[in-house]
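**Q** From TrEMBL, for reference:
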- 1-360: domain 'Major facilitator superfamily (MFS) profile' (DOMAIN)
- 6-32: transmembrane segment (TRANSMEM)
- 58-80: transmembrane segment (TRANSMEM)
- 86-105: transmembrane segment (TRANSMEM)
- 187-206: transmembrane segment (TRANSMEM)
- 218-239: transmembrane segment (TRANSMEM)
- 246-265: transmembrane segment (TRANSMEM)
- 271-295: transmembrane segment (TRANSMEM)
- 332-353: transmembrane segment (TRANSMEM)
Amino acid sequence: MITISSILYSVIAIGSAWLPTISTVLVARFFLGTMHPTSLQTGFILAMEVTEPKRRTAVGIVQFLSWAIATILWGAWAYLIRDWRWLQLAVSLPCLLFVISLWIIDESPRWLIVAGRHEEAIRVLERAAYWNKAELPPRDKLLTLMKDIHNRLRASDKNEETPTLSKRMKMMSQSATILLRTPKLRIITLVMNIDYFVVAMVYFGLNLSSGSFRVDPFLYMVIAGIVEVPSNTVTIPVVEKYGRKVPMMLFYFITGVSLLLQPLIPEDYNWLSITVVMIGKLSISVAFQIVFLYASELFPTEVRTRGAGSAMMSSRAGAMVSPYLMSSLGSLYPWTIPVVFGLAAIIASLAPLPLKDTLDAVLPDTIADLESNNTNFD
């Protein structure tokens with residue numbers, strides 16, 4: 001998925017600089033919007049599945065540092081390059097660097113084990129052991145462990161015989177609703193969809209709202225990127241010490257409070273208004289990183305990509321709603337934008353209450369593993 005989406009994204013992004021009409025640009029944007037979360041979410045999950053528990057926090061959060069740096073560069077590039085075609089080309093060419101890295105990326109050994117491709121999983125682990133100068137358990141012991149995981153997954157499927165047409169239809173229906181099939185998985189799915197929707201709606205809303213705060217859009221974009229840099233560094237020790245759940249709820253809450261305070265600030269104090277909004281921007285950026293990390297650890301390997309993908313789809317819906325809220329409400333009642341965003345952030349801060357933390361927890365491999373223990377729920 002990473003390979004397909006990255007190559008298609010690079011080709012479409014670079015080719016967009018030469019598209020002749022606005023209609024073709026919008027079509028290209030649609031496909032870019034399809035490929036971007038596919039590459040982003042799948043790549044994040046892959047990184048989490050190949051990282052040992054004590055390093056997952058740092059690896060999961062530091063990945064977003066490049067996002068903050070790119071946001072800063074966007075403001076600078078857009079200021080220097082005013083022709084949109086050259087700007088599109090300038091920001092798309094770096095995609096080619098990532099395509100080169102595809103040659104050294106292995107498949108997730110966790111996914112290979114769950115899929116029953118044990119020999120491939122061992123080869124990936126052997127390469128990792130060689131690079132890290134580590135020693136693996138004996139090959140026969142590894143195979144036994146892998147077969148045990150795979151057999152537990154198969155044991156959860158009662159229909160071993162060749163399914164009839166009606167059973168195939170039932171299986172397709174169950175596959176489409178698998179994230180809602182069991183109680184714990186259902187709660188995780190609901191909470192993550194709520195928090196992803198809100199975090200994207202608020203994050204992208206604040207990124208695009210320079211006009212609402214009467215500031216230079218290029219400078220606003222640079223500042224918005226700068227305030228994200230601490231969230232990609234200071235967040236790591238905070239999350240390593242206090243876990244995922246409490247910091248995520250806290251930063252959602254700080255976002256909500258700061259945005260709710262913004263309409264109360266007099267217009268003469270524009271600097272204070274921007275400061276309060278940037279506090280909200282910093283907080284929602286931290287929440288964005290933690291919710292990515294939290295979701296990748298909550299969903300079991302069997303449905304991790306599907307679960308995180310459904311949550312990512314909710315985030316795209318939130319990002320899509322955001323500019324319409326600003327254009328419809330902001331033009332008539334500008335104060336309603338921070339109020340709506342603030343209230344949404346408060347709701348998102350309360351949503352994870354049923355969940356437990358996943359700090360240093362062993363990632364569940366199957367839905368049966370998730371339902372058979374109490375590691376993910378209060």
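Just so it is clear, glycine is given a Cβ too, placed from its N, Cα and C backbone atoms.
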**Q** With a Cβ cut-off under 8 Å, give me the same-chain residues at least six positions beyond the ends of the transmembrane segment (187-206) that come close to it.
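**A** Sequence-remote neighbours of the transmembrane segment (187-206) are 179-180, 224, 248, 252, 255, 259, 277, 280-281, 284-285, 287-288, 291, 294-295, 298-299, 307-308, 310-312, 314-319, 321-323, 325-326, 337, 341, 344-345, 347-348, 351-352, 354-355, 376-377.
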**Q** Against which stretches of its own chain does the transmembrane segment (271-295) lie, if we need a Cβ under 8 Å and a gap of at least six residues from its ends?
**A** 44, 48, 56-57, 60-61, 64, 68, 192, 195-196, 199-200, 202-203, 206-207, 209, 213, 215, 223-224, 227-228, 230-232, 235, 239, 244-245, 247-248, 251-252, 254-255, 258-259, 261-262, 265, 307-308, 311, 338, 341-342, 345, 348, 352, 358
